[in-house]
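Colleague: Below you will find the structure I want to go over with you.
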Ligand SMILES: Nc1ncnc2c1ncn2[C@@H]1O[C@H](COP(=O)(O)OP(=O)(O)OP(=O)(O)O)[C@@H](O)[C@H]1O
């Protein structure tokens, strides 16, 4: 049980240091005399402190007019309270002590401030093992409040600390790793002595988490520094770091190699001494970048340098200079130029080999064989060479001849076509070379021939394989001498004509049979171009179909939109002996005939619908899906008709009447519907 009493403090300095010292000393005496314990509490604080502890008393912020509660336990509490009340009141009365109080108070407030604001935790214990001071940093580190722990025994708050030993032996402990309310702390513990008497213990604590954090940061800074250092050491460019005072702080090995100056000769020297008018000194003075400085080092090496100021925030730290050997840059530039020229050359070559002249756009198709032929034609066009175009009828020989002409330098001059097979042989000479008026020719007028008309341009001699032998000789002369006479004429006419010939005939066989002159063949065959048949480029059929559909829609004012899949399959299956001309004709016929806005099987001619490739046979059980009965039947009728040549014979062979065979042949489109019999 405690007895207590309230006392109001009446002093402008409040509970000042001298009073605290006197009261705590008096409390100590009374505790010993009366065997009692005395406590003090500032009214409203709820905090009870041992009165005999000077530090505890000091840390109680009692102001003028505040009330304190004095609590006592023991046998004669009232007596103790009377005596203590009187003593406290007397402490604040002595007028002459006012000045000393002020000085003491100032010193005490100063220390209090220091204690509160130092970043390290401070815990002070009195000789009774009671915590008398617990500063803000100690609160932050431990998470405990000073109000709570002041007045408590160290045994409760600091259970595993070696305080027993400090009290017993006055020993000091430095750098101990301990715990405070679960927080790891690094602690220095020392006894406090006053005039060789131990009056308490002070512990200074550091938060281990903060220390760990700092040490981690330090490690990563070190690691980063190491990394940058390695980087600088291994770069190919020379690097020199100069601090803000102009002292050379670092050069990398590349800098030593380029300049021939050694690290230990450079480090610590001032650039203002080494090279006062140099770029580094200038960059230091200006604190601005200086780029592309060209100079020569004492070892004769020409270099180019870039200098940049280094700032840390707003703080100027110095200058970094990066240098490269000019010869090295020159070498690199030369190599780069060489590579650029090579790349340009290759690019042009690639374009030349790939890109066809626009004139070839009229030729539809993507097939590889066709593209190859057109690529040769495009090159021949530019070279003005004589060209011999080979290919089956309808493969586009004339189209290619025109493209060659329009892709050549002669494109603004005439393109003259002569179909050698279509002109009777007796007229061919005058057709080619013209004729003169006169008795000999019987002509009333004179007429220029195709060669004259083509002067400056191109003459396209189609079906050259049909040229009669006498004309072959005359043509050879024009090719070799570029001159001729008109029929019945005596004047020699000179012409500059490019010849493109074409044929679907096997000229080599004709040479063997002596129907085509070998010398003319070699004159014409300077650049041979072989156009593939349509069956060799079936992959182009869909694009050609689309092309003709568009072209003819325009020409005929129709709007046929597409060809059904089934019809397209039939078109692709067919072998096209007449090549693209045949396809063009079929498309024209379909477009004229159809009433729909698409083309399907009904629109295609029967021989295309019913076409089956020669060697395809359905009756094959080796693998794949079986065909339908109807398909087998169609196959059997087709083979029988092919083998026996008539409905009658095929019927006999198959055990059917000739009427049945005919009906089935019509059904499957093997024969035309109005065909009566095959005999
Ligand atoms: N690749 C193509 N793209 C578009 N149309 C083509 C193509 N090839 C040929 N044609 C067209 O096919 C028709 C036949 O072509 P061309 O007259 O050039 O063939 P040709 O080989 O000269 O025939 P011939 O040997 O019978 O004289 C022409 O109407 C032509 O426009």
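Glycine is no exception: its Cβ is also placed from the backbone N, Cα and C atoms.
Among the features that TrEMBL reports, coiled coil is placed at 322-356. Residues annotated as domain 'HPr' in TrEMBL: 2-95. Under the heading domain 'PAS', TrEMBL lists 107-160, 224-274. Here TrEMBL flags 363-592 as domain 'Sigma-54 factor interaction'.
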Colleague: Over the domain 'Sigma-54 factor interaction' (363-592), what is the model's average pLDDT?
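Modeller: Computed over the domain 'Sigma-54 factor interaction' (363-592), the mean pLDDT is 92 on the 0 to 100 scale.
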Colleague: What does the DSSP secondary structure composition of the domain 'PAS' (224-274) look like, as residue counts for helix, strand and coil?
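Modeller: The counts are 26 helix, 12 strand, 13 coil.
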Colleague: Per DSSP, what is the residue tally for the domain 'PAS' (107-160) in helix, strand and coil?
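Modeller: Helix, strand, coil within the domain 'PAS' (107-160): 26 helix, 12 strand, 16 coil.
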Colleague: Just give the helix, strand and coil counts over the domain 'HPr' (2-95), going by DSSP.
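Modeller: The domain 'HPr' (2-95) comes out at 39 helix, 19 strand, 36 coil.
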